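Colleague: In case it helps, Swiss-Prot gives these features for our protein:
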- 6-26: transmembrane segment (TRANSMEM)
- 36-56: transmembrane segment (TRANSMEM)
- 68-88: transmembrane segment (TRANSMEM)
- Gly76, Thr79: Na(+) binding site (BINDING)
- 99-119: transmembrane segment (TRANSMEM)
Amino acid sequence: MSGMGFVAVGVGAALGAWLRWAFAVLWNAINPALPYGTLAANLLGGYLIGVAVGFFDTHASLPPEWRLLAVTGFLGGLTTFSTFSSEVMANILAGDYAIGMLHVAAHLGGSLFLTMLGLWTVRTLG
């Protein structure tokens, strides 16, 4: 682990977490049963991980710290699997099973689709 890698992950994580927090502040109260801020963070993260994987695969000469900054740091700070899990459990514990499953489908299906779209974007434009 290099010192620059450590800094890259930390800076990226802070930026990603701040963006996730901003999404939550702006959109979670709109629909507490399916918080849109968490969904937006996970869907954007799904798309951007596809873009990042495609980009870094085609730009292997870039220093590894750039990938650490973008993928491990920023996208790790942005995406919110633990928050997503607690929100789904809140639906289930409240007896809102259909909303809980909608929540799961929206996050997982949407993120997988957008990851594929991100890869496609880089390959098409690349």
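Going from the start of the chain as shown, residues are counted 1 onward.
Glycine is no exception: its Cβ is also placed from the backbone N, Cα and C atoms.
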Colleague: Between 36-56, 68-88, 99-119, who has the most Cβ pairs under 8 Å to the transmembrane segment (6-26)?
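Modeller: Ranking 36-56, 68-88, 99-119 by Cβ pairs under 8 Å to the transmembrane segment (6-26) puts 68-88 first.
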Colleague: Rank the binding-site residues Gly76, Thr79 by the number of other Cβ atoms within 10 Å of each Cβ, and give the residue at the low end.
Modeller: Gly76
Colleague: What does DSSP assign Gly76 (Na(+) binding site), in three states?
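Modeller: Going by the DSSP assignment, Gly76 (Na(+) binding site) falls within a helical segment, counted as helix.
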